[in-house]
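Annotation source TrEMBL lists substrate binding site at B:Thr155, B:Lys181, B:Thr192, B:Glu278, B:Asn402, B:Ser407. The feature active site, nucleophile is assigned by TrEMBL to B:Thr192.
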Number of protein chains: 2
Amino acid sequence: MATGNNAIGTLVPVPGIRMSAVSAGVRYQNRLDLVLFELAEGTRTAGVFTRNAFCAAPVVLARKHLQASAGAVRYLLVNTGNANAGTGDQGMIDARHCCQALADAADVELTRVLPFSTGVIGERLPAEKIAAATPSALAALQDDQWLAAAKGIMTTDTRPKAVSAVVTHNGQNISLTGITKGAGMIKPNMATMLAFVATDADIEQDTLQALLMSAVEQSFNRITVDGDTSTNDCCVVSASGKSGIKVDKSDAGLYDAFSRALHELILDLAKLIIRDAEGAKKFVTVDVRGGATTGECLQVAYAIAESPLVKTALSASDPNWGRILAAVGRAGVDNLDVSRIDLYLDDVCIVKKGGLAPDYTEAKGQAVMNQEDICLRIELARGDVNEQVWTADLSEEYVRINASYRS
Amino acid sequence: MATGNNAIGTLVPVPGIRMSAVSAGVRYQNRLDLVLFELAEGTRTAGVFTRNAFCAAPVVLARKHLQASAGAVRYLLVNTGNANAGTGDQGMIDARHCCQALADAADVELTRVLPFSTGVIGERLPAEKIAAATPSALAALQDDQWLAAAKGIMTTDTRPKAVSAVVTHNGQNISLTGITKGAGMIKPNMATMLAFVATDADIEQDTLQALLMSAVEQSFNRITVDGDTSTNDCCVVSASGKSGIKVDKSDAGLYDAFSRALHELILDLAKLIIRDAEGAKKFVTVDVRGGATTGECLQVAYAIAESPLVKTALSASDPNWGRILAAVGRAGVDNLDVSRIDLYLDDVCIVKKGGLAPDYTEAKGQAVMNQEDICLRIELARGDVNEQVWTADLSEEYVRINASYRS
């Protein structure tokens with residue numbers, strides 16, 4: 001199950017970035033499960049990683065290598081089928097072994113390879129299989145394999161997720177293309193379950209890291225499927241510089257245009273995860289407006305977005321506003337005056353000043369609930385801060401998937 | 001679906017307390033939906049109420065009447081089928097109307113009647129139907145109708161929930177009997193979705209309130225089905241004094257014995273809710289040990305108990321310890337050293353110092369997971385505080401129930 005249409009737009013190659021997807025047999029045979037990105041010499045890479053205290057060995061190692069190489073990364077090595085999480089010291093040895101095999105084959109320093117893993121937690125990574133597949137992954141590198149790479153990082157995803165954007169500056173183009181994966185265990189905290197974005201803009205390391213963090217904060221850090229933060233979340237952006245166009249604050253117009261394009265691309269990727277949420281039939285925007293602080297807006301938004309009762313009502317297309325109010329009421333906002341709160345389903349006002357809106361009818365609410373895309377808007381009337389969170393419904397299929405898939 | 005056996009033990013009458021259950025036709029015909037408790041003159045009543053900011057009209061009124069009567073309550077009037085929540089000013093008028101009808105028929109002051117409602121949120125309470133049924137409820141009062149009352153307060157519950165206890169003191173008995181209801185929208189905050197406990201002990205109002213709050217904190221406030229705090233949670237205890245046995249701190253032995261009995265009775269009621277959780281096939285104790293503070297133990301316990309991924313794994317009897325560790329890791333405990341953590345399924349050690357325990361086998365874990373009652377024990381090795389939380393699994397049936405029942 002998934003929402004929205006299945007089409008992927010044109011994916012533009014990013015000069016300086018090549019990729020491949022091959023089968024290494026990590027967990028299943030004849031399945032694309034190893035994706036390799038090659039970043040041209042001179043490329044700068046920034047990254048954000050899960051804040052889960054039980055972060056996986058590849059996350060620890062990728063963070064370490066990113067720092068040791070000062071962002072001068074040459075390869076991103078991604079496997080599915082095994083998360084290499086909860087694997088202790090052996091997990092670190094296995095992650096390093098994969099990186100070393102690639103570093104040797106490609107003749108680069110170990111710290112210029114970042115490892116990423118996703119899949120089952122708590123089982124030993126078959127590092128030998130991955131190491132054995134690296135030569136074929138290197139041999140298959142092309143600049144037009146974004147879609148194959150998007151397919152190669154899928155686990156319970158039902159479809160690949162990829163987006164491109166182009167920023168035009170003085171008649172020249174900057175290209176951006178990104179892919180992501182994720183469908184469950186989704187409540188990213190500083191990044192989500194694997195996203196790789198590349199551009200040929202020329203950007204300093206610190207600027208790139210700042211742009212990434214700002215974009216992630218308003219996108220991957222605003223989505224939730226089930227409130228479960230993964231042990232393996234990573235989002236990296238690589239800038240090859242091959243366009244020859246320098247992006248920095250000295251040209252504020254270009255900087256803003258690029259920042260906006262990166263932000264929108266990453267937000268599009270984040271929304272694609274929600275559209276493919278396990279068992280999802282609805283794409284839901286929770287729009288909390290008029291809060292006093294970002295914190296209280298997010299408290300309310302997540303109380304709604306993660307309420308099993310709200311999510312099951314959404315699954316049933318039931319305009320059950322009582323459950324939404326109950327979630328707002330338990331969100332923990334200090335001195336919440338419920339008699340000031342309005343609630344809208346899209347543009348239909350269902351609750352006015354804490355009670356049923358006089359002109360609301362069940363037919364109006366039902367019409368919105370029957371849609372695939374729904375916006376729940378809550379007006380708190382406490383201040384002028386607005387925040388949005390995106391989520392999906394909770395269906396029997398979600399339970400079926402997660403009661404059968406060992407992840 | 002429910003866990004544990006269905007049997008209710010002997011329910012002892014409590015001198016001074018009478019009750020009845022009748023059909024008022026609140027939402028369905030020919031269904032026990034109105035329960036009345038009569039408390040003898042001299043009975044003292046204490047109560048705790050939901051902290052949901054959107055609390056229902058009857059909660060507001062019950063709290064107000066309890067205060068106005070200084071605990072000298074004579075009647076508890078409970079309806080199912082309609083929660084009278086999210087009903088604004090009209091909801092207050094309707095709740096008062098029901099209380100007034102009973103007060104008139106029984107010739108007591110209005111403030112000596114406490115109203116309680118549970119059922120669908122956001123629909124107007126049919127106060128006339130309830131008022132019309134009060135004379136028959138009064139006429140049916142008996143001291144041995146605890147089971148009927150337990151049945152009369154059920155909504156999505158699959159079975160009535162009632163427990164008795166007797167404290168013997170110098171050859172004389174103090175009786176305690178309590179009933180509760182609740183199966184979904186369960187994460188009580190100061191109390192749960194309706195619990196009524198009575199005793200014939202003679203206890204001062206302040207002492208009774210303190211005993212209730214202490215018992216609730218370690219019982220109803222330690223259970224979660226879905227993390228959704230209800231708008232209508234209430235737990236009250238009434239002490240008729242008819243045993244003639246004074247319970248206060250001047251007799252520390254008796255005070256402790258009574259306190260323990262009340263605590264155990266209320267904990268038993270809370271656990272009965274988890275055993276009847278919507279769609280539940282498992283009764284799960286999350287036992288977090290060795291924390292530095294109660295707060296961090298509860299953070300970890302609730303992160304596990306409310307994780308959809310842990311709960312679906314439990315539903316599938318899957319010893320998926322990676323999901324449990326992932327939940328611990330995202331619980332938000334400061335400076336958590338994952339390399340010190342041990343995890344047990346009952347007495348089977350599955351994780352030792354953050355990694356898979358050397359002598360763990362899937363067969364051992366599976367054997368525990370196949371049980372109906374499971375204890376997940378997490379040793380944090382940070383201090384000497386221990387906390388327990390009780391929860392259930394998340395099944396497809398939970399989703400089915402909540403995608404079809406408008407509550």
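From the backbone N, Cα and C atoms, a Cβ is placed for every residue, glycine too.
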So which of these binding-site residues, B:Thr155, B:Lys181, B:Glu278, B:Asn402, get their C-beta under 8 angstroms from chain A?
-> B:Asn402
Sort B:Glu278 (substrate binding site) into helix, strand or coil using the DSSP assignment.
-> coil
Which of B:Thr155, B:Lys181, B:Glu278, B:Asn402 has the fewest nearby Cβ atoms, counting only those within 10 Å, among these binding-site residues?
-> B:Thr155
Could you tell me which three-state DSSP class B:Lys181 (substrate binding site) falls into?
-> coil
Three-class DSSP assignment, B:Thr155 (substrate binding site), comes back as coil
